[in-house]
Amino acid sequence: MIMNPEELAMGAINHALKALKKRHLLEEGAHAPAFIALSRPFASQGSEWKEKAENFELELQQCYKAQSRLSEQLVTEVAECRTAKALVQEKETLISDLQTEVTQTREECSQLKESLEEKMKGLDLVMSENKELRAQLEEMTLKAKTAEDENKMLIDRWMLQKMQDAERLNEANALYEEMMNRLKASGLEQLANQQVDGVVRQFEAGAENFAGSTVPTACKHKIPAHEGGCTSILFEYQSDRLISGGQERSVKIWDTKTGMLTRTLDGSLGSILDLTVTHDNRYIIAASSSCNLYVWDVNSGRIRHTLTGHKDKVCAVDVSRVSSSLVVSAAYDRTIKLWDLQKGYSTLTMMSHSNCNSLCFSMDGQTICTGHTDGNLRLWDITKGEVVSEVAAHSNAITSISISRSGNIILTSGRDNLHNLFDMRSMEVCGTFRATGNRLANNWSRSCISPDDSYVTSGSADGSVYVWSRFKSDIVSTLKEDYSPINACAWSGLGKPLASADKNGTICIWT
């Protein structure tokens, strides 16, 4: 049987104590006869020997005490030895664990070194490829800059030519106006108006609904319509009810006679950026910053469709004048999508070279007119899904496109603060309008043309609304109620009133 060190020490101590006791007893027994023998002959010396015996006894007791102290000291040292041994074992265990961790760390370090070497090789390869790509990019950038300079020079020359053509056309319009005045004197004014642009206007949307436009002079109602700004407005067809959309994600319908709110349409997840309404005034379609389009049923006030598919904010929308189920939209993902409201999904997607800010259908519903941030006006054939005509309309981004009631004239407005009229058939400029104080507020500032095609209206960053005569190219009215930038203008199809919306969310009804 193997005994641990503590048991061995205790055994040794017990054995030593027993040996001492035994020795003491033996010595005491051995000396007893001597004491007795000596006590007899030396009775006279008993007191002396007794004293010596007491001294020996005292020394013996001291020896016992010394022995006891040594035993206690031995026990203490054994306990300390045990504690030290346990501590040594703990240290040895800790050293073993640390050695294991060091081994693992060395292995991990080795793996990391191998991974680092691989990554360094990959980085060297990527840097080499990046260097080559940088060289190619510099070369392509140089070529692009050269092409851009050449393109800019050609555009400047072309725009100069167009400006000259516009000036000549304005002179022709002035002569035409003079002829109109002569025709008025001879009683032929009505016939002359019917022949403008080669169409008979009374038959547009029914002769009973036709009315001449009235130049507004004063603000009839000032409506705090939307918090955060009003971004889009338009009138219902052949109605004086106004539809507006704002930053707070709601669409509202107003009675312009009283200035009262008649309905609010909610459900959009983003700000309203553009609006359109079907020709039966049954559905309102809104373009939203949430990348979706929302179609509301006006009667029920509920969303009928949520059209999804664009990857960025939808900034423009229009509905066909031929089919109320055909809708077109443009977003800042450079796509133009055609939607079927009966099916509830996109039927055609067209890609553009630059973002489209505004668009509209032609009167026959076969062509889409789009205005882009590169300043170009493009016409798209929806049957082919491609551009059939393109013209550089402005030197800066186009903010607004609207088509005349006759369908023969397109009004474009741009960040170059010009408003151009284009002949839909020839794509030639047939009128240019400008004013010293007229500065468009943003890339989505909407201008409009009056229902009788006689006036062009645009808002300005200083809060003014400018009205030009289409035939004289002169300003016939300047309206101002506030200093907040104007975001949009809209003219009722009845000829009056005119409405404007500003950045503060206020709508003004002008009569």
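Placed from the backbone N, Cα and C atoms, the Cβ positions cover glycine too.
Taken verbatim from TrEMBL:
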COILED    88-186  coiled coil
DOMAIN    48-170  domain 'Autophagy-related protein 16'
DOMAIN    342-402  domain 'Anaphase-promoting complex subunit 4-like WD40'
REPEAT    223-264  repeat 'WD'
REPEAT    265-306  repeat 'WD'
REPEAT    307-349  repeat 'WD'
REPEAT    358-390  repeat 'WD'
REPEAT    391-432  repeat 'WD'
REPEAT    450-478  repeat 'WD'
REPEAT    479-511  repeat 'WD'
PLDDT averaged over every residue in the repeat 'WD' (479-511): 94
Counts of helix, strand and coil residues, the repeat 'WD' (479-511), according to DSSP: 0 helix, 18 strand, 15 coil
DSSP-assigned states of the repeat 'WD' (358-390) in counts, ordered helix, strand, coil: 0 helix, 21 strand, 12 coil
Residue distribution over DSSP helix, strand and coil in the repeat 'WD' (307-349): 0 helix, 24 strand, 19 coil
